[in-house]
Amino acid sequence: MPQEQLDTLCYKIREGLPKWRDIFTWQLFKTVLMGQGLSALICGTAVTSQYLASIYYLDTPMLQSFINYSLLGITYTMALIFRRGDGNILQILKTKWWKYLLLGLIDVEANYAVVKAYQYTTLTSIQLLDCFIIPVLMILSWFFLKTRYRIIHYVAVCICLAGVGAMVGADILAGQDLGSTSDILLGDGLVLVSATLYAISNVCQEYTVKNLSRVEFLGMVGLFGSIISGIQLGILEHNEVSKIKWTWEIALLLAGYALCMYGFYSFMPVVIKMTSATAVNLSLLTGDIFSLFCGLFLFQYNFSGLYIVSLVVIFIGFILFNTVPTLNRALAPASEEEGCDNHAAEFDNSIQGCVDEISCAQAEQDQTKSRLNQRQSACVVINSVQM
C-alpha cells in the first residue's frame, strides 16, 4: 500500500475514534460525583441501621421510613400548599391523587420488603437479587419512557453486574455471608418483589421529574408515604416502638438515618434528571462496597482485595454507560419550573424559526428594493424638472 493511502487510512481511523476530551467531560465527572454522593448517603443509612439492629437491638423499619416521609412532607408538601396556579396541591389532588397514592404505596412497600428479607435470607442473596432492578428498569423504560439503548449500554450493565459478582465473591471469601436462612425462598422472593417495586417507582420518578416537577413528586410521595407508613407502623410495629428505651444514642442514630434518607430522596431526582433512573441505580451499586469498607473499621469485617476490584469494575461500567447518551422518543410537555426538553418540538420550532427568519429577511430586501426604486424615480422626476 502506498504511503499516501496509508497516511489517509490512519487519519480516518484517528478521526473516527472518540477523543478523550469528548468522553471525560465535566458533565460526566459531575454525574459520577453526584452518583457517588447518593451511594454515600445509602452507606449512611446502612451503617446507622446496622448499629440500631446489632448494638441496640432495634428493628423498626417502618418507624425509620415514617420519619423520612414525614420530613419530605414537612418540606416539599408544604411547598406545594403555598404554591399558586396549576401546581398547587389542591389542583394536583383533584386530577392525580390516585396515581400518587399508588406511587406512595409502591415506594413504602419496596422499602419494607427489602428490610423484611434480611430475616429470611442471606446478605449474599440480597446483594445478588437486588440487581434485578436494573433489567426491570431497562424494560420499563423501553416501553413507557420510550428509551432506546445501544449496545454499549448493555455491555456497561454487564460490566457493572460482573463487579457485583466480584463483591459477592469477596463476601463469601471473607466470611461476610450474614443474615438468616430460616426461609430462603421467601426471603429471595421478597427481594425480587422489592426490586420490581423500586423499578416501577424509579420509572415514575424519572417521568415526573423530567416532565412535571421535582417538588411535585417529592411532595406527593411525602404526603401519601407518611400516611401509608404511619398506618402500617401502627398496625405492625406498635409493640416494638412502645418497648424502645430512648437514649441519646438511639435518637442520634435515628436522626442520622432520617437525614441520610431525606438527602437521598431529595437529591436523587436531580441526578435522574441529568441522566436516567438506570444510570443512577448503576451508580448505587457501589453503596454496598462503601458499607463494607465502613464495616472494616466499625464492625471488624475481614478485608478482601476483591472489594477493590469490584469497585473499579463497577466504576468502569458506570462511566461506559454514561459516555454515550440514550435515545428518548417520549414526547411530553415540560413544566415551567422543571422539565425535560422536547427535542422533536425544538427541532420543529427551529425549522419554523429559520423559515420565519428567511421570510423576514426576504421582506426586508423587498422593502429596501422598493425604497431604492422610489428614490430613483424621484431623482428622475427632479432631473427632468431641472432640465
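Any Cβ shown, glycine's included, is placed from N, Cα and C.
Database features (TrEMBL):
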type	residues	note
TRANSMEM	66-85	transmembrane segment
TRANSMEM	126-145	transmembrane segment
TRANSMEM	152-172	transmembrane segment
TRANSMEM	184-203	transmembrane segment
TRANSMEM	215-236	transmembrane segment
TRANSMEM	248-267	transmembrane segment
TRANSMEM	279-299	transmembrane segment
TRANSMEM	305-324	transmembrane segment
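Simply put, out of 215-236, 248-267, 305-324, 305-324 has the most Cβ pairs sitting under 8 Å from the transmembrane segment (279-299). Remote same-chain partners of the transmembrane segment (305-324), defined as residues 6 or more beyond its termini with a Cβ less than 8 Å from a stretch Cβ, comprise 18, 23, 28, 31-32, 35, 150, 152-153, 155-164, 166-167, 169-170, 173, 275, 278-279, 282-283, 285-286, 289, 292-293. Contacts between the transmembrane segment (66-85) and the transmembrane segment (248-267): present, as 3 or more C-beta pairs lie under 8 angstroms, all at sequence separation of six or more. Simply put, out of 126-145, 152-172, 215-236, 126-145 has the most Cβ pairs sitting under 8 Å from the transmembrane segment (184-203). Taking Cβ pairs closer than 8 Å, the transmembrane segment (215-236) reaches residues 62-63, 65-66, 68-77, 79-80, 83, 87, 89, 92, 96, 100-101, 103-105, 107-108, 112, 205, 208-209, 265-266, 269, 337-338 in its own chain, all 6 or more past its ends. Under 8 Å from some Cβ of the transmembrane segment (248-267) lie the Cβ atoms of residues 34, 37-38, 41-42, 44-45, 48-49, 51-52, 56, 58, 63-65, 67-68, 71-72, 218, 221, all in the same chain and six or more residues away from its ends.
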